[in-house]
Amino acid sequence: MIIFDSCRFKKKKKFINPEAPLNLTFPVIHLALPEQPPPMVKAYLRYEPASSFGVIASVESNIAYVSSGKHLLSPALEKIGVWHVRQGICSKTLTPSPFSRGPSLAVTSIVSSPSSLIAAGYADGSIRIWDSDTGTCETTLNGHKGAVTALRYNENGSLLASGSKDSDVILWDVVGETGLFRLRGHRDQVTDVVFVSSGKKLVSSSKDKFLRVWDLDTQHCMQIVGGHHSEIWSIDVDPDERYLVTGSADKELRFYSIKHESADGQSVNESNAIGSGDSLVQDKWEVLRQFGEIQRQCKDRVATVQFNKSGNLLACQVAGKTVEIYRVLDDSEAKRKAKRRVHRKKEKKHGKEVLEGAENGDRNNENKGDNSAVAHGPMETSNAAVTVPDVFKLLHTIRASKKICSISFCPITPKNSLASLALSLNNNMLELYSIESGDTSKTLAIELQGHRSDVRSVTLSSDNTLLMSTSHNAVKIWNPSTGSCLRTVDSGYGLCSLILPANRYGLVGTKDGTLEIIDIGSGTCVEVVEAHGGSVRSIAALPDRNGFVTGSADHDVKFWEYQIKQKPGQATKQLSVSNVGTMKMNDDALVVAISPDAKYIAVALLDSTVKVHFVDTFKFFLTLYGHKLPVLCMDISSDGDLIVTGSADKNIKIWGLDFGDCHKSIFAHADSVMAVQFVPKTHYVFSVGKDRLVKYWDADKFEHLLTLEGHHADIWCLAVSNRGDFIVTGSHDRSIRRWDRTEEQFFIEEEKEKRLEEMFEADVDNAFDNKYVPKEEIPEEGAVALAGKKTQETLTATDLIIERLDVAEAEKQRIAEHQEEKSNRNVAFQANPLMNGLSPSDYVLSAFSAVHSNDLEQTLLALPFSDALKILSYLKEWTSYSDKIELVCRIGTLLLQTHYNQLLSTPAARPVLTAFGDIFYDRVKGWKDIFGFNLAAMDHIQQMMASRSDALFRDARSKLLEIRAQQSKRLEERSDTGDVRRKKKKKTTTT
């Protein structure tokens, strides 16, 4: 409502001074507007990763058997698949928690312990310990700054050694779930680690071409072994610790003998095979001594060397398609082979001398006798030096169909063969081989649960119950809810696909220009239609019609009709298609899209434009131009108002279909946009790109809503369900991922703040260690450092401890003041509600209980000295808690080690240390005695149970077998000695 006041001019003099201000009165307008409500903030529903399937074995990590030999561990990007070997099915999947997913979480190394525990290293430097029986993550160890490349348990599984791309080796206490120490010295990525000398020493290999031997008791590098001409990629030790083998890009495998120490400290070399006439004095620190080398059959670099459980086989896998299997002979067999080799050599030499003497005619009988004695003397044959070819003999060469990524021996030896070997191939496949003395045979191939190459297209059925995916040689039908593969059909290189209504048939457009008709029910290809002269790039269904449209690189857009009829010579009715129209374009047709009312057809061409034509007359309607590179994908909204295009120029553009005007151009991805699609009956858009991201947009407000991370490589395709409750994406990493819409609401501003916080935390993580450290810093020779690393969690835990210390100190002061007031008058004390009824000491202790065991060291390092003193004052009270005694010991020890010098020079710390020292030793010794008593009791119970069973008979049987084996070796040695004597006697008589 508008109200006008009266308008009045006050009359002035006849002559008006131009410099004087005019006294005018203008109308005053009063606007009576209704009160505007505050703007409504729109809430959206969040999409979360639900499942991923289609990956059998990824190429970033190795495979490994569990200790029982019944299951095989296979890396599947961020997951670990537990495959039942006999049944060939994935019985369990070890998946990280949802909040920690992302491209940095790919599994890079797997190792199984003697128990049911599994250690898995990831690309972000973390190590997770899994329980294979329950499928749960027991703990997470953070210490490395680069991807974990090597993992190895010791013999009893209590220690875990890890190597990484950051060139560090870390030793972990698996039981205590903490890092013991970090070993520095390598100049490049650590490729493998192995325990020797019953777990007292550790050998590590690196791409810097050196082996390093570490003494774990003194925590120093005691030997550096050179000699390799290229990077060392793998090392392994046989179960008896006789030999260590290394594999590199050199043409040979190198072997080293291992020096062991007896109980009295004397060096003992258990490798009797090297006990030849060499009289070299071994160095005190020389653990590894070069034994020899053998030439490999293949020229490719070595990827893995591995002994089997019994130690009688050695597998050498190269970075190609072959695995060389070597037979490892025991000491007696190696000695006999060496004797025969020396004997043949001397026979050959003797025969040559005899031939030369006969020709020259100047040989005398005395020299001949002497030569005969030298050639066949028992001392020489008995002291024959054993070389590497005497111990390692090439048995078989396994050739796979594709490049091999990793190998693993089964720890259980089959009855009718020498060993069972599992291979993971780079085409998403697992193969199992049985190794026999005469031949090798493939026993199982796990391949149906995934594509051999990139997933190029995915499409959902009309009722969302079926999912069809295509790759370079197969079409697979999936259940999108469970991720199980229902059908696999051999096909050409499928670039696009479509499931027709009624879910009976599917169409696949191939790179060869053909249309393949797939019978989903029977899983067969019914017909192959020669549709185009170039590759079929896109298929779009015609709404409410029995037809579809295809776009091709031959500049044609063809309209097709399909019907079910029985052709001559066919027993049943099958789907058949027929071309009813062709629209010629000026360039390659990359994408076609049909409006929901079937009025317009949009065609994206190679010239970076989009042509819009009428469907019925093929007449030109609009041209959408603005992209700098070709449009690779597009979609039209359900109401036909908007069309969205995605291009190789990394942008998506939102257009109005009525006038062809560009509403908004958005820089969407860091690489090419490969697929865009509207959520049905909305203006929300999903886009995927080669930057591995899925993004969610509001096309009305031009706002970025969500970013979904999970894929580990380029994303090629996208499909949205007809209700918008889930989406499916396919990628170059061969995985198919499903993302479900949840009931959780989010707001745009909150998401923006969350993204900024993530960027800030990422910058903080990068600045932790790199801010004051030179980029090309070389680690100190054989240095030892702390095992953990500073993370956002450790800083948060430090802040929490400081905050609780301040609250506890304030509460103690309030209690003291209350005690003074209570002596004067009776006043009730009001405790701080933040402390949840806990005492100040317990309130501070609860903060430490929430800190992960592996993060405790870094958390305490960030505390200032004043707060460390406060914590030391609480330790005396905390020692009264029996269940916290280990935690209290660790806190006290770490604080004393960290602030030792400052504590000595601080007078205020002396009473704290005195009180702490009086009670600390007694409490720890008391609990140590209790643990020792309990262990002794359990040993006694175990002995009682063993006496009631047939364990003694089993031990006697194994002892009897061992004695028989020793006797058989002695008999063989005696027979060999007798043969040598008889041959010598025979030859002396002939001469």
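Using the three backbone atoms N, Cα and C, a Cβ is placed for every residue, glycine included.
Sequence annotations record features per position, and here TrEMBL assigns compositional bias 'Basic residues' to 336-349 (among others).
Summarising the annotation, TrEMBL assigns compositional bias 'Basic and acidic residues' to 350-369 (among others).
Sequence annotations record features per position, and here TrEMBL assigns compositional bias 'Basic and acidic residues' to 969-980 (among others).
Residues or ranges marked as compositional bias 'Basic residues' in TrEMBL: 981-991 (among others).
According to TrEMBL, the feature domain 'Small-subunit processome Utp12' maps to 841-943.
Among the features that TrEMBL reports, region 'Disordered' is placed at 336-377 (among others).
According to TrEMBL, the region 'Disordered' annotation covers 968-991 (among others).
Positions annotated as repeat 'WD' by TrEMBL: 100-140 (among others). Averaged across the repeat 'WD' (100-140), pLDDT in this predicted model comes to 87.
Annotated repeat 'WD' per TrEMBL: 141-174 (among others), in sequence order.
Summarising the annotation, TrEMBL assigns repeat 'WD' to 183-224 (among others).
Annotated repeat 'WD' per TrEMBL: 225-259 (among others), in sequence order. Through the fold, the repeat 'WD' (225-259) approaches residues 188, 191-192, 194-198, 203, 205-213, 267-271, 273-274, 282, 286-296, 299, 301-307, 309-311, 314, 316, 328, 388, 391-392 of its own chain, all at least 6 residues removed from its boundaries and within a Cβ separation under 8 Å.
Residues or ranges marked as repeat 'WD' by TrEMBL: 448-488 (among others). Broken down by DSSP into helix, strand and coil, the repeat 'WD' (448-488) contains 0 helix, 17 strand, 24 coil.
Per TrEMBL, the feature repeat 'WD' maps to 529-561 (among others). Residues 495-498, 500, 507, 509-517, 577-594, 596-598, 601, 603, 615 of the same chain lie 6+ residues outside the repeat 'WD' (529-561) yet bring a C-beta within less than 8 angstroms of a C-beta in it.
The repeat 'WD' annotation in TrEMBL covers 624-665 (among others). Long-range neighbours of the repeat 'WD' (624-665) within the same chain, counting only residues 6 or more positions beyond its ends whose Cβ lies under 8 Å from a Cβ of the stretch, are 590-591, 593-597, 599-600, 602, 604-610, 612, 671-678, 680-683, 685, 687, 689, 697, 699, 702.
Residues or ranges marked as repeat 'WD' in TrEMBL: 666-707 (among others). Same-chain neighbours of the repeat 'WD' (666-707): 44, 46-47, 103, 629, 632-639, 641-642, 644-648, 650-654, 713-720, 722-724, 727, 729, 731, 739, 746, 748, 751, 755, counting only residues six or more beyond its ends whose CB sits under 8 Å from a CB of the stretch.
Long-range contacts of the repeat 'WD' (708-740) within its own chain (CB-CB distance under 8 A, at least 6 residues past either end) are made by residues 47-55, 58, 76-78, 101-103, 106, 428, 450-451, 453-460, 462-464, 467, 469, 478, 480, 483, 671, 674-682, 684, 686-690, 692-696. The repeat 'WD' annotation in TrEMBL covers 708-740 (among others).
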Counts by DSSP class (helix H/G/I, strand E/B, coil) across the repeat 'WD' (529-561): 0 helix, 20 strand, 13 coil
Spatial neighbours of the repeat 'WD' (183-224) far in sequence, C-beta under 8 Å, 6+ residues away: 146, 149-152, 154-156, 159, 161-165, 167-171, 230-237, 241, 244, 246, 248, 258, 260-261, 285-288, 778-785
Number of helical, extended and coil residues in the repeat 'WD' (225-259), per DSSP: 0 helix, 21 strand, 14 coil
